[in-house]
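Engineer: Before we start, here is the structure in question, set down as structure tokens.
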Amino acid sequence: MGIGIWSMHFIGMLAMDVTLRLNYSLLPTALSMLIAIGASLFAIWLVSRDHFRRRRLFTGAVILGTGIVAMHYTGMAALQVEPAIVWDMRWVALSVVIALLASLAALWLTFRLRRDAAQVALMRAGAAVLMGVAIAGMHYTGMMAAQFPVQAHMHHQGVNGSWLAVLVSVVALSILGITLLVSMFDARLQARTALLASSLAEANRELAQLALHDTLTRLPNRVLLEDRLDQAINKADREGKLFALLFMDLDGFKAVNDAYGHDAGDKLLIAVTERLEQPLKGQYTLRPYWR
């Protein structure tokens, strides 16, 4: 993000139609790039917070907008012009206002992307367009504020603008391409991690079900019954109340098994379980007992 903002600003500077052959000082040029990166890092950190209060929004807009303005005018200071550029302060003030308002709107839109899922694609596009137009508008407004004296000339020291343009374009495109690839791989990795986490959670639920429930009737097994009995006993002792443990036997079940086979017996147990579960939902525990 920072490299993209700085590249747009620098290429826009190279597009200036002046009669001079532009040379740039490396130190202010590098400093302007670092300012853009720092402002972008702050913006990303800010919108990633869980809470985004109004005071934080305005503070973030001031810092981000100030960073964009500082990047622009630091980059302009890299021009090796003699005598120095004369600035129209009205255009300078307007460029600052544009940067602040654009930063405020972009931060607000970006934070809203996490809450309005139904409109996320539209708002992402809106935030990107708004930020791009605002940075370009601020840049060219700032350029309007720069007035080159008629007798101005460039110092011979410094880096030639044409070579610097090629270098900036190659580096910026390379970094943006690498960032895009890393983002794609990261998105795939996150999707795969989420899928694995979901599968693991499902497997854990199944293991817990098998460990604490009967495989045929899906009712609690002996381990779970003993745990619930302990809880019931402790609660009864604590509150001075009673609890009941009821044992029921299926008359003639062995005859059904012997006459119709174990499959029929299993179906009978499942049917009895389903009928008993309906009125016993809530605080009751139903468990099969095999002898």
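Here the Cβ of each residue, glycine as well, is placed from N, Cα and C on the backbone.
A TrEMBL annotation is a machine prediction, not a hand-curated record.
Here TrEMBL flags 1-149 as domain 'MHYT'. According to TrEMBL, the transmembrane segment annotation covers 26-46, 58-79, 91-109, 121-141, 161-182. The feature domain 'GGDEF' is assigned by TrEMBL to 241-291.
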Engineer: For the domain 'GGDEF' (241-291), give the DSSP counts of helix residues, strand residues and coil residues.
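Structural biologist: The counts are 27 helix, 0 strand, 24 coil.
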Engineer: What average pLDDT does the predicted model assign to the domain 'MHYT' (1-149)?
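Structural biologist: Mean pLDDT across the domain 'MHYT' (1-149) comes out at 78.
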